[in-house]
Structure formats: C-alpha cells, structure tokens
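Participant: The Zn(2+) binding site feature in TrEMBL is assigned to His15, Asp18, His145.
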Amino acid sequence: MTDADPLRLLAVHAHPDDESSKGAATMAKYVAEGVQVMVATCTGGERGSVLNPALDRPEVWERLPQLRAEEMARAREILGVQQEFLGFVDSGLPEGDPLPPLPEGCFALVPTEEAAAPLVGLIRRFRPHVVLTYDERGGYPHPDHVKTHDVSVLAFEAAGDPERYPDLGEPWQPSKLYYQMGFTLTRTRALHEAMLETGAESPYAEWLAGWDPERDMSHRVTTRVPCAEYFPVRDAALIAHATQIDPQGRWFACPMDLQQRVWPTEDYELARSLVDSTLPEDDLFAGIRSEVPVP
Ligand SMILES: [Zn+2]
C-alpha cells in the first residue's frame, strides 16, 4: 500500500446514524490501518424522530435537521472517516394500516436511475475498491434503506461504464460489493444466551421472540471482520447521534467485554466481486491487496 494509492472503502447509508450502527467498528479498524474510508449518506434524516427521552423537547424537534448534521459531523470525527451527504430528503418511516403514502419529493420516490447519479459521481471521484451497502430488503424495512440498496447496486454496475452517466467523471469500477449482515438471528441469540449465563437480564428476549427464523440472514454471511477492539469507537460514534440514541437503551445494555468475547466480528455478505478470494473471508480487501501497488 502506498500513500499515493491507498486502499479505499465506501460505505453507503440511508440516514445520519446508520453508519454508526452498521459496520462502524469495521470502518474504524480500516482507518487505523491507513485505509481511506468514505461514508455516503443518502438523506439528511430530516424526518427522523427524537429517540432519546432526555432530548425529547420542542426546541430539539425544531432544530432536528440541523442537529442531525452536527451529530453526523461529530460521529465522522470519532470514526476518522470522510463523509458526504448525497442531498436527498428522508422519506420517513410510514406507520399505520393502511400505510400512508410517502411524502412528495422524498428519496424513496426518486426514480432509481436519477437517485443513483450523485453516488456514481462520488464513486468516480473517490475511486473505492470496496463498496458496502444494505441487502435487497434494506436490512430493515425502511423505504430509504431499500432505496439505498437499489442505488448502490445500480451505481456499482454503472460507475465503471463510460456509456453511462458520461458527464459524471472518469469511469471507475469498484472491485467488491458487500451487504451489511450485522443483525443476524445467530448473533443476537449468542449474545442473549451469554447474557443469561451471567445471570443478567437479556435486552434481546422480546426481539428474539418476534423473529421469524425464515427471515434470518445468517446463512448469507461470507465475511466476518474481526474488529472487537473498535467496538468502543462504534459506541462513541453512536452516542454522538444524541437525538437518535438513548444511552440508557437496548443498544448499550449488553456489556462491552461480553460482546467482544462472544461476537468479536462485524459480518457481511459478498454480493459482487471482480477479484478472486476464498470464502469465508475475514477481510473486505481479500483479493484486492495484492493488486494495489506495494512500495
Ligand atoms: Zn436509517
């Protein structure tokens, strides 16, 4: 790896805070190794709620879009990553039966070809070797997360093609595309059982009870990145999103040392690859490192 051409990782996320709850320790680990890491945040999170009871006040709600940008800036510093907003408007999480229509002009309603353009431009400028995004169900049923998957897949395919988006810069083809697989049934069950063994109350019981095993993604994991050492950095970045995270909540109920011992990795599915690597992997850059010039 040379200073002139270091390895580069691009993580595409829907809202500010998603980068801190999905793959954050992986990013911090690669930053520490000298990899350049960029987070692309599709929306400004304008339609999020205030999820921290301590901050659920009118003056916080009024300034929410601005606060979320400030929180993102703090998390970016903690993780040591670069970050850009792609400029779309949060679709909000529709609730009710029947579900209300999505608000006009929101990210999820932008045609995918058009919505992928800023990401194609960013891929051609930043030239990542590896791109991280969500699986086809968004990993979580929020319309912006599903749209994030769609634009990431389209941009991964299109960025290297000179015929597509010809005005958005020199083509660049990333080598690997991964889906985030951090919240599997297997992992949650392992943490749950380990907590019960210590005699503690598990924060996962309710979550596990409602989990349809058919919807578990454990079997799709191809790549487990050891990054336990960076779990505290992940938590610090999450806490920086103060309006979105209750520091007394479930996220932080599982003791750090137990997490580091029971599940010391963040997990991914290799969805597309233009290089050879042997599965299972423990490195997102497996098969790429040898091709990047070494001094
Ligand atoms: Zn989100």
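Yeah, the Cβs are placed from backbone N, Cα and C, and that goes for glycine too.
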Participant: Can you count the other CB atoms that lie within 10 A of the CB of His15 (Zn(2+) binding site)?
Facilitator: 26
Participant: For the binding-site residues Asp18, His145, which Cβ has the most other Cβ atoms within 10 Å, all shown protein chains included?
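Facilitator: Output for this query is Asp18.
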